[in-house]
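Data first, discussion second: the structure below is written as structure tokens.
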Amino acid sequence: SNNSSITEFILLAFADSQELQLLHFWLFLGIYLAALLGNGLIITAVACDYHLHTPMYFFLLNLSLLDLGSISTTVPKSMANSLWDTRDILYQGCVAQLFFLFFFMSAEYFLLTVMAYDRYVAICKPLHYGTLLGSRACVHMAAAAWGSGFLHAVLHTANTFSLPLCKGNAVDQFFCEIPQILKLSCTDAYLREFGLIVVSVFVLFGCFVFIVLSYVQIFRAVLRIPSQQGRHKAFSTCLPHLAVVSLFVSTAVFAYLKPPSNSSPSLDLMLSVLYSVVPPAVNPFIYSMRNQELKDTL
């Protein structure tokens, strides 16, 4: 088969029996509602309370929007398939799902890099905070994160679906993602997308190095703060961001860069849930648990 003859893809089911499919539906429904509630509360709080109209909360609002978009790309379709006991997704739907998921996740990673810079300036250069992170600069950095994610998604989606698909239309995942589509492509065409992935890895690795170096400087500055209350406040704003970055990067990198020989449907399924479903649901709670201003507003 090739691209022109494929009209739909067959997604991986979570279970064979209808009872387990319904269990998966209710589990994903609970996670999805938690993500909607948590991110929706953060968006509402930041938008409505002028005390939270600061760079840190502006970026947090953008993160919540990206989380809502990311989880809404994959979970509702998977829930519908489990509820109606189907596995198919239209070719156009698969393209859209892959594009939007890659767009939201790439933009989120770039935004997490910007948020690391925000924390670095706030703690290491507090006197220059208003100058370096004015309202216009914040809007430009957020727009750059969204725009970079969009460009990233366009390149990978166009390149992935331009490859000839020679190995059927069964996707070993509950949503359309690049590694699973590449498994269906012809062997000689695989290298083109692999080269693009390598370039992207270098860009993302550069962002990761920037985040790590920022936090090295942040922790050095925090440990020099004389008061225990000041150190506690600094850690309470930095540790949630570091936890989100660690969860997001570790699962996504392992899912996309592990050797195909080490791949199994159950492992791929678990990793995909960890990087695409869990972070959007738990991010709001990670950020709100140690943030007194946000809790007071809520």
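Cβ coordinates come from backbone N, Cα and C, glycine included.
Per TrEMBL, these features apply:
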type     : residues : note
TRANSMEM : 25-48    : transmembrane segment
DOMAIN   : 38-287   : domain 'G-protein coupled receptors family 1 profile'
TRANSMEM : 55-75    : transmembrane segment
TRANSMEM : 95-117   : transmembrane segment
TRANSMEM : 137-155  : transmembrane segment
TRANSMEM : 194-216  : transmembrane segment
TRANSMEM : 237-257  : transmembrane segment
TRANSMEM : 269-287  : transmembrane segment
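Within the chain carrying the transmembrane segment (269-287), a Cβ under 8 angstroms from the stretch's Cβ atoms is held by residues 12, 14, 28, 31-32, 34-35, 38-39, 41-42, 60, 63-64, 67-68, 70-71, 74-75, 101, 105, 173-175, 177, 240-241, 243-244, 247-248, 251-252, 254-255, 294, all 6 or more beyond its ends. The transmembrane segment (237-257) shares the most Cβ pairs under 8 Å with 95-117, out of the stretches 25-48, 55-75, 95-117, 137-155, 194-216.
When each of 25-48, 95-117, 194-216 is checked for Cβ pairs under 8 Å to the transmembrane segment (55-75), 95-117 comes out on top. Below 8 angstroms of C-beta separation, residues 109-110, 112-113, 116-117, 119-120, 152, 155-156, 159, 178, 182, 238, 242, 245, 249, 256-257 of the same chain, each at least six residues beyond the ends of the transmembrane segment (194-216), sit close to that stretch. Through the fold, the transmembrane segment (95-117) approaches residues 56, 59-60, 62-63, 66-67, 69-70, 73-74, 77, 89, 141-142, 144-146, 148-150, 152-154, 156-157, 160-161, 175-178, 181, 204, 207, 210-211, 214-215, 241, 244-245, 248-249, 252, 275-276 of its own chain, all at least 6 residues removed from its boundaries and within a Cβ separation under 8 Å.
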